[in-house]
């Protein structure tokens, strides 16, 4: 129980830190984001005083309100879910844009990451179990994929499978001409088809890392005393591998999974850019390109919250599969 | 003399590195049914390697280079341990010969419950057993070594060192093997717990009649519990005999040195090993008795 | 495996850093990495001006232009040489900064203990869970004109935390070792224990963390530049790819433009990974056990090995 309280406490502090970073960045940076946004918004349509107020609360007004007051306004605005209005997608609000793009990203990045983790851990288990086998000797090759930048691999795959042998579409999230979004088979099929190449990119470039980590932990675990016990007990090798070796070796991989989520998100923003995928990463880049500071800050906040949430989830999962954590209270 | 339960003939184990290390050299032994055979010697003398060699648990580059270990079943079959294929070897382990390792701290899997570690044994070796029976047996085994059966739901880190070693011993008895190999089973424990565990082992051996190969560097302890003792040095057995004979009339110089290296409580080095040990044990028994009286 | 052999293979209490044995992996890593570094150092001296515009646009590799030309007729090889230098500079700066930051927050905190450790560890963990690249992207968006140094600085500030956490773990375990406690009892000064007894044992770990930091920095900078958010007016592998993408190199099939920078990046990353493998095997000698390399040191026939495999895992 104390473990859980500690964890929740930590994530609260981290959440506060993320909100504060989000508050500070626009105020510390050179330039006047509010004015830039106001003039851009003015070109698109009339700006109401409420809109101006909420943007000022987010990005910092040069009307000389003391910082603590500004901080209070900012938090109050966030509490009501007001993240301002987007310039790029005027008159849509930032929350709307996020709501529209986030499912795409979670579907693509989330699924691809989980698949890559499972595949990497599975292969790593086998490689560590049969040290010196061909699979084990393949590991340096697979980790080379890790040092290939996501977006470059994506470019090469696009070049080969999109242009040279046109098996997959070049960009987008689904076929916008022939398919209507909704819960119908055609649309889902199209989504899968369009998502295959981006997902493949993410899997190929990240599975190697999981595989290496798991392999190394397996090797360390194999020399533990309880492995010898399991062997002396005459258990079947498959059972020893799963319940004794892999069950222990996977623990660091899981905590490593939490840590590297941030990197995964980063890599996928760039991947989305290559494939013009209609996810949150592309929206962030559009926002950056169009000086749409409100949308930018909003997306940054959401990405951070998502990573924090995913970390918390992994921590909870960890406490379920490692009995020692539960008892350390 | 009755038929022995295990015969080791000219067993040699080498570490095949460059240059090769001869860890066990041409060892021959017979283990009688139901006896406690002590295997004594300093660290690195090859006593553990010999034990692992018997059940073929050696990892490369360690390798049995000659000799064999033959198990004699009570029904009269002979099983040459070295001739078994992978599947037969796996099935024979724990069923014929089980083991208790040093450092109970690490010999239990930390992430699965005691119950699961017990049930693994039954599921693998006694697949016909019903779930209900399996559960009952696990509980019975724990109670047999003086651990509450509610402990089945515990994880290893929730148990004390002594309790973990008891659990280990209970597991070793699970399939009622003919032989139990104990590799320094009490070394990591404090003297009081050590004493309790030893008494437990002696009692269980009396009830169930398995033979024990007891490996330790603590010769006085072996003198206390063993029927016969083998003294090993640099991979060879230098002396093998009845515990009492070995104590009263050691033949080999090295045995004499070993005996002399344990100081007695009364001061003179080595002169009263047996007596000193008895004093120590009597004192401990007194403590136990006192504790029992207080609780009752 | 047995009580006797554990004593032989377990790490001795006072581990001194040793040079890694020159394995095939390490040699390959050093040669590859060295070649890329040499190219980055010497290449710019030998090639023409990378920005010079020529009149033969998008020409494939030829005698005049070994790696062809870009859309505006710039020499790809010349650009590649300058880009290599640029990316390596980013890697070097971030590597050094990460070393300093992670050593400070990881080692000093863990060694000092108490509330300082709690504070540093909390700070490290928070930086760790806040995703780095989005922060870098947002900061880049506010600053239109950035130098390579600023980009490196931001990458280092967002990327040191992972290393600090690893170092903290190791320092905590070293701090509790018997020989360190013995030094304390003997009254050695605290900074001396840190410098003489603890730091030398952390060198392999520090080295591997720096190598990781360099890889991540170069990758991060490339991603940032590819998105058009990198340092202005600089040449790096990422900016080359950015221009290649914008010049429709992909659609036009100008592989000589977009393949070399990525390939060089991947090769350099792979070289550093190979070096890290060797360092890992020093930090954790178990990783070497039962691999092909270690088997070669045994005098076992394949028949014996097969038999051994039958009986044990």
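Here the Cβ of each residue, glycine as well, is placed from N, Cα and C on the backbone.
According to TrEMBL, the feature transmembrane segment maps to C:24-47 (among others). Panel annotation: around the transmembrane segment (C:24-47), residues 75, 77-78, 80-82, 84-85, 87-88, 264, 267-268, 270-275, 277-278 of the same chain, lying at least six beyond its termini, place a Cβ under 8 Å from a Cβ of the stretch.
Look at TrEMBL and you will find C:84-276 tagged as domain 'ABC transmembrane type-1'.
Counting same-chain residues at least six beyond the ends of the transmembrane segment (C:88-112), those with a Cβ under 8 angstroms from any Cβ of the stretch are 36-37, 40, 119-121, 123-124, 148-149, 151-153, 155-157, 159-161, 163-169, 171-172, 175, 190, 194, 198-199, 202, 206, 209-211, 213-218, 221, 236. Per TrEMBL, the feature transmembrane segment maps to C:88-112 (among others).
Away from its own ends, the transmembrane segment (C:119-142) comes close to residues 105-106, 108-110, 151, 154-155, 158-162, 164-165, 168, 220, 223-224, 227, 229-230 of its chain (Cβ-Cβ under 8 Å, at least six residues beyond either end). Feature annotation from TrEMBL assigns transmembrane segment to C:119-142 (among others).
Here the transmembrane segment (C:148-167) has long-range neighbours at 86, 89-90, 93-94, 97-98, 101-103, 105-107, 110, 120-121, 124-125, 127-128, 130, 132-133, 135-136, 139-140, 202, 205-206, 209-210, 212-213, 216-217, 220-221, 224, 230-231, 234, 236, meaning same-chain residues at least 6 beyond its ends whose C-beta is under 8 angstroms from one of its own. The transmembrane segment annotation in TrEMBL covers C:148-167 (among others).
The transmembrane segment annotation in TrEMBL covers C:198-218 (among others).
Feature annotation from TrEMBL assigns transmembrane segment to C:255-279 (among others).
Look at TrEMBL and you will find C:294-313 tagged as region 'Disordered'.
Residues or ranges marked as compositional bias 'Basic and acidic residues' in TrEMBL: C:304-313.
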